[in-house]
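**Q** Okay, handing you the structure first.
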């Protein structure tokens with residue numbers, strides 16, 4: 001379906017001066033109101049520390065809160081410590097027409113900082129005022145049906161009014177004043193709905209009329225050449241395509257001789273985009289024409305976080321999302337309406353006896369209207385949430401050391417299975433893991449692992465198994481580090497596994513075997529990778545052969561960092577496990593001695609038998 005978008009801009013230029021004669025509401029509280037061509041305006045002058053609030057009353061006396069509302073044509077503006085302005089269109093909510101005059105009842109209340117209402121009173125606004133005649137306003141006709149999607153350029157002419165009627169359009173739109181704003185001499189204001197004056201007074205010194213406004217004049221035109229004479233600081237126009245027709249239909253200027261042929265002109269340009277953004281561009285020349293400084297221009301309802309996206313000496317650019325920067329959103333039928341205002345703060349010059357300003361009050365009302373029933377493609381991007389921030393404070397670290405039944409590490413011995421029985425050189429499958437941690441970025445790091453003959457990790461003698469996370473080089477049966485299964489384990493970095501070849505500890509002085517059980521211990525910590533630090537340990541592949549012997553293993557870590565095996569590892573037959581040495585040599589000599597004695601006895605018996613047989617044979621021969 002076609003994409004519909006309507007843009008209406010309201011450009012208000014007013015001086016912060018009085019409107020007509022002030023009327024006393026109560027002591028210290030004054031107001032005045034005036035009637036314009038399209039609406040009425042009420043000015044209230046509060047006392048210090050008072051905040052003015054408005055409510056409108058219907059024909060039955062019911063009160064309704066007043067807010068900036070384009071549907072009801074109600075607008076409230078205020079100047080700090082000066083005055084508060086309530087503007088209402090003759091077509092606005094609760095404006096009643098009686099005998100050719102428009103009536104609006106307004107309830108005014110002044111609220112103190114503590115929330116207490118200080119002053120309150122009803123005021124009835126009647127336009128035109130009773131002593132003036134009414135001139136019919138041809139602009140009060142109902143708006144026409146919006147046209148299909150076509151980018152247009154709007155020309156603005158100054159008229160003494162504060163409401164704009166716009167033709168429907170979509171896409172990229174430029175509004176520009178055809179004439180400079182003129183500060184007219186004070187004159188009686190327009191006293192009822194009627195057409196704009198055909199002449200504009202010449203510039204003279206004096207006070208300013210409260211409203212000098214602009215209205216949409218033409219649709220489908222592009223900027224005149226004089227608006228495209230930008231001396232320096234060209235800003236490329238945000239438009240799809242590079243043709244001259246596309247550029248000019250977007251309300252921008254085109255010059256094929258420039259590096260960026262399509263650029264913004266000396267005017268105010270509003271662009272509404274399907275992507276959910278609007279772009280508002282104002283030139284320095286336009287700001288000076290309306291008596292304001294470009295540095296003081298900002299979005300009226302935006303917080304401090306919505307500064308201009310681009311600012312030069314010649315232009316100020318706002319490119320912001322439709323849903324941010326204080327933009328009001330309304331749904332009317334099948335239309336989505338986004339509204340905001342571009343305003344300028346006045347530059348106040350303070351002297352010893354008072355203050356002055358030479359700036360006008362500038363207010364540009366911007367509105368983007370989209371057809372809510374249109375179908376648009378949507379592209380969704382799903383971003384995984386960031387992992388939680390690492391915990392930096394100290395706390396307990398729960399570790400567990402357990403022994404697996406086989407090299408698959410699929411099952412483990414329970415507490416009742418200890419002490420385990422192993423023969424020399426049989427493998428023992430050891431695993432250390434983190435408990436009660438679900439942070440996938442944590443890495444378990446083993447520092448030292450060792451064995452002792454008792455349940456005390458500080459008992460002597462000791463034998464190192466891992467040194468600084470690597471297999472101890474002095475072992476002729478090097479400990480084998482086993483990589484954790486990344487697919488089978490939910491947090492594989494929380495595990496460290498290695499395989500030990502069983503051994504017996506020797507006494508450091510006598511070198512005799514310490515018959516008994518062996519206990520395993522490890523010191524560990526949890527590491528969080530940061531930058532280039534991956535928490536991994538790089539080990540040297542060199543092998544140094546050395547006979548196991550008990551030595552002092554320096555343990556300086558806190559007890560909370562040390563984890564031990566649930567039980568000991570023992571041996572089935574100590575005699576079978578006797579290491580090679582003097583006792584083994586003694587047994588061999590004994591066997592050899594017994595064998596020698598046996599052979600000697602056998603030889604003696606054999607010799608004796610032969611001797612006896614020889615004697616008998618000799619005696620037989622003699623006789």
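Even glycines carry a Cβ here, placed using N, Cα and C.
Taken from Swiss-Prot, the feature signal peptide applies to 1-20. Taken from Swiss-Prot, the feature pyrrolidone carboxylic acid covers 21. Residues or ranges marked as topological domain 'Extracellular' in Swiss-Prot (evidence: sequence analysis): 21-590. Residues or ranges marked as region 'Disordered' by Swiss-Prot: 182-201. If you look up Swiss-Prot, you'll see 228-253, 237-252, 247-262, 449-470 marked as disulfide bond. Residues or ranges marked as transmembrane segment by Swiss-Prot on the basis of sequence analysis: 591-611. Marked as topological domain 'Cytoplasmic' by Swiss-Prot on the basis of sequence analysis: 612-623.
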**Q** What's the most sparsely packed of the disulfide-bonded residues 228, 237, counting other C-beta atoms within 10 A?
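**A** Taking 228, 237 as the disulfide-bonded residues, the minimal 10 Å Cβ count falls on 228.
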**Q** Among the disulfide-bonded residues listed here, 252, 253, 262, which has the most company in the form of other Cβ atoms within 10 Å of its Cβ?
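**A** Checking each of 252, 253, 262, the winner is 252.
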**Q** Just to be sure I understand: of 247, 449, 470, which disulfide-bonded residues have a C-alpha no more than 10 angstroms from the C-alpha of residue 237 (disulfide bond)?
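**A** Hits: 247.
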**Q** Radius 10 Å, atoms counted are CB only; among the disulfide-bonded residues 247, 449, 470, which position scores highest?
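**A** Comparing the disulfide-bonded residues 247, 449, 470, the most crowded Cβ belongs to 449.
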**Q** Could you tell me the C-alpha distance between residue 253 (disulfide bond) and residue 247 (disulfide bond) in angstrom, no decimals?
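**A** That separation, Cα to Cα, works out to 7 Å.
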**Q** Find the one among the disulfide-bonded residues 247, 252, 262, 449 whose C-alpha lies closest to that of residue 228 (disulfide bond).
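**A** Nearest listed residue in space: 252.
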**Q** Kindly state the mean pLDDT of the topological domain 'Extracellular' (21-590) in the predicted structure.
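**A** That region's mean pLDDT is 74.
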**Q** Under DSSP, is residue 262 (disulfide bond) helix, strand or coil?
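**A** The residue in question, residue 262 (disulfide bond), is strand (DSSP, three-state).
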**Q** List, in sequence order, those disulfide-bonded residues among 252, 449, 470 whose Cα sits within 10 Å of the Cα of residue 262 (disulfide bond).
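**A** So the list reads 252.
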